[in-house]
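Novice: Dumping the structure here so I can ask a few things about it.
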Amino acid sequence: MSKDIQKKVEALREKIEYHNHRYYVLDAPEISDQEFDALMNELIELEQTYPEYQSPDSPSQRVGGEPLDKFPRVSHEIPMLSLENAESQKGLLDFHQRVSKNTQKTDPVYVAELKIDGLALSLRYEQGILVRGATRGDGTTGEDITPNVKTVRSIPLKLSKPLDIEIRGEAFMSKASFERLNQEKAERGEDPFANPRNAAAGSLRQLDPKIPAKRDLDFFPYSVPYIRGENLDSHYSAVKELKDLGFKINPYIRKFETMEEVISYCEEWQEKRTKLPYEIDGVVIKLNDYNLQQQLGATSKNPRWAIAYKFPAEQAESQVNNIFINVGRTGALTPVVELEPVRIAGSTVKRASLHNEDILRQKDVRIGDRVIIQKAGDIIPEVVKVKEEARTGHEQPFVYPESCPVCKSEAKRINDEAILRCINPGCPAQAKERIIHFSSRDAMDIEGLGEKVVEKLYSHGLIKDVADIYYLAKNELSNLEGFGDKSAENLLQAIEESKKNPFNKLLYGLGIRLVGKRAAQLLAFEFEHLDNLMKAQIEDLTKINDIGPRMATSIVSFFQLEHTHNLIRKLKKAGVNMKEPTEQNKSSDPSLTGKLVVITGTFDNYTRRELTDLIEAKGAKVTSNVSSNTDFVLVGANPGSKRDKAQDLGLTIIEESDLEDFL
């Protein structure tokens, strides 16, 4: 009986993987979705009934398992380096000239491939079985997200050969899947993702693998940094090997004999990029020959044998339907243009910021204007210019308000800023924005408390400030449209968990003007408890490196407000933590508080991320560039030019042999 069950399980797995490959890799399905689901359900039922036959390479792993507590950190034995960028033909020709000179090859062969806009992953297989999927992280240390990676249908759980191999590539979300996901989020009253890249990254970083399993993610491999027992001599041969192993390969990878052909390829895809079913933001060009790659080597940041041609920011024309004022959490009155919806760089743009009155006047944007817009860095929509030649004479200049458009309170420019601010701390618009900021990922990280939910809770009078979040009751939430018992429980659980956050996240969440995430960390480290910070004077604050007079004044002013004192009392009563963890207390090493540290090279006992965490836990700030303001330079193996610059500037250099004493 047991052998019959085992054979049935193995046959089902083989059949499911066959059809999975046909559908997700070859794009040539032979059975319907319903038939595929029936096979999967049968396998899951058998594995649950007979757990002794469960296997890490079973296709049932793709539906997602139990939620995780956190993602373990993993070190990349071969660093996942970033690529040098070229933004013009000249940049590509300069790259070609360097390659030709250093390899003594006048016409080296290149491989060009589309630069998919997604999340870089490292996949490790042992004996052909997927054993680890990790994010790039900072290039040396990433996160182990294996359960989530297994839900991506185009990533084989088992290769066609029993190889020990590492494969790197890009996980992404198609435009169609992105639109569907955002539609579903809108129907649930949740905030949409800004673009497909954020959607893919956000999905794969969910602690519950069942979430990415439902989000139709895809994957294209782009390199094989390690393979045991096989001799690959070129990038193009590696691509062919990946296809044979069962991966879906991007169909537009091309091999070229000249840089002129590469440039034509880049120009072609710059024009055709919008016609693809997924987002790309450039073209990656690699030297094909592995021996030549090895000969050129890499800097501490980039391989010398590859470059990324970055497309210019995508632009589009639209019409200004309206201009209105948005009131931010610190009272800033920001002019926003309401546009005829237009699609740019993976998302539909309906609004763009003009930042302040001066920029509005400088660009002379009027209601009814035809404008050119783009996404700055392909992220933030901005108005590039007005098409003055398209004006009809009916366009209306915008009259900037002298008071807050929401609460009608006085608006002022503080300290000659370009920004006009509402000075009423009780302004409803500010209150809502403060709550949204407070619950954001970098602050208290309250899952499910996005803009639309905050708007709903505020409009129903359930919350008026950030402290009210902690006094919400299940029956209040369950009675709201779009909420049920389960969603109410989930939100309340996320709120309860946020009470345990360290002081620095609470401090950042309070939204004090000029206090960003890094400043909040420095202040929390120095003062240890909110009560101590509330007593601080300007001179106490400016003693801390990176805390200037303007920020110090803003902090002291914030804690002098009666509104702030009432808020803190409510947060304390709710049980919100106001203390920084003891292991980060300054007593561990006060000599490093506020110091600037640069790390260069590689270290035997630490990854770069681990060193950064240790140093920042002691109150220092890790920066990437050596300057006269740098206090210490930590030097490992193969340090590059940073060591030389540190010596020229007479800076304190900490060798790896002295690292333990330093820490």
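Glycine residues also receive a Cβ, built from the backbone N, Cα and C atoms like all the rest.
Note that this is a predicted model, so its numbers are computed, not measured.
Checked Swiss-Prot, it gives:
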| type | residues | note |
| --- | --- | --- |
| ACT_SITE | Lys115 | active site, N6-AMP-lysine intermediate |
| BINDING | Asp33, Gln34, Glu35, Phe36, Asp37, Ser82, Leu83, Glu113, Arg136, Glu170, Lys286, Lys310 | NAD(+) binding site |
| BINDING | Cys404, Cys407, Cys422, Cys427 | Zn(2+) binding site |
| DOMAIN | 587-663 | domain 'BRCT' |
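Mind mapping these onto the model and telling me what they sit next to?
Specialist: Using a 10 Å Cβ-Cβ cutoff, Lys115 (active site, N6-AMP-lysine intermediate) registers 22 neighbours. Lys115 (active site, N6-AMP-lysine intermediate) carries a strand DSSP state (E or B).
All protein chains included, Arg136 (NAD(+) binding site) registers 20 other Cβ atoms within 10 Å of its own Cβ.
Other Cβ atoms within 10 Å of the Cβ of Cys404 (Zn(2+) binding site) number 23 in total over all chains.
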Novice: For the recorded Zn(2+) site, whose residues are Cys404, Cys407, Cys422, Cys427, find every other residue on that chain with a C-beta no more than 8 angstroms from the centre of their C-beta atoms, and list them by sequence position.
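Specialist: So the additional residues around the site are Val327, Gly331, Ser403, Pro405, Val406, Lys408, Ser409, Ala411, Ile423, Asn424, Pro428, Ala429, Gln430.
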Novice: For Lys286 (NAD(+) binding site), which residues in the same chain are close in space, meaning a Cβ under 8 Å from its Cβ, but six or more apart along the sequence?
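Specialist: Listed in sequence order, they are Tyr110, Val111, Ala112, Glu113, His235, Gln293, Trp305, Ala306.
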Novice: Take the C-alpha atoms of Lys115 (active site, N6-AMP-lysine intermediate) and Cys404 (Zn(2+) binding site) and report the distance between them in angstrom, rounded.
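Specialist: Cα-Cα distance, Lys115 (active site, N6-AMP-lysine intermediate) to Cys404 (Zn(2+) binding site): 45 Å.
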Novice: With Cβ-Cβ distance below 8 Å and at least 6 positions apart along the chain, what are the contacts of Cys422 (Zn(2+) binding site)? List them in sequence order.
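Specialist: Residues satisfying the criterion: Val327, Gly331, Leu333, Ser403, Cys404, Val406, Cys407, Ser409, Glu410, Ala411, Ala429, Gln430.
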Novice: Quick one: give me the count of other CB atoms within 10 A of the CB of Cys427 (Zn(2+) binding site).
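Specialist: Around Cys427 (Zn(2+) binding site), other Cβ atoms within 10 Å: 20.
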Novice: Long-range neighbours only, meaning 6 or more apart in sequence with Cβ under 8 Å: which ones does Leu83 (NAD(+) binding site) have?
Specialist: Val284, Asn302, Pro303, Ala306, Ile307, Ala308
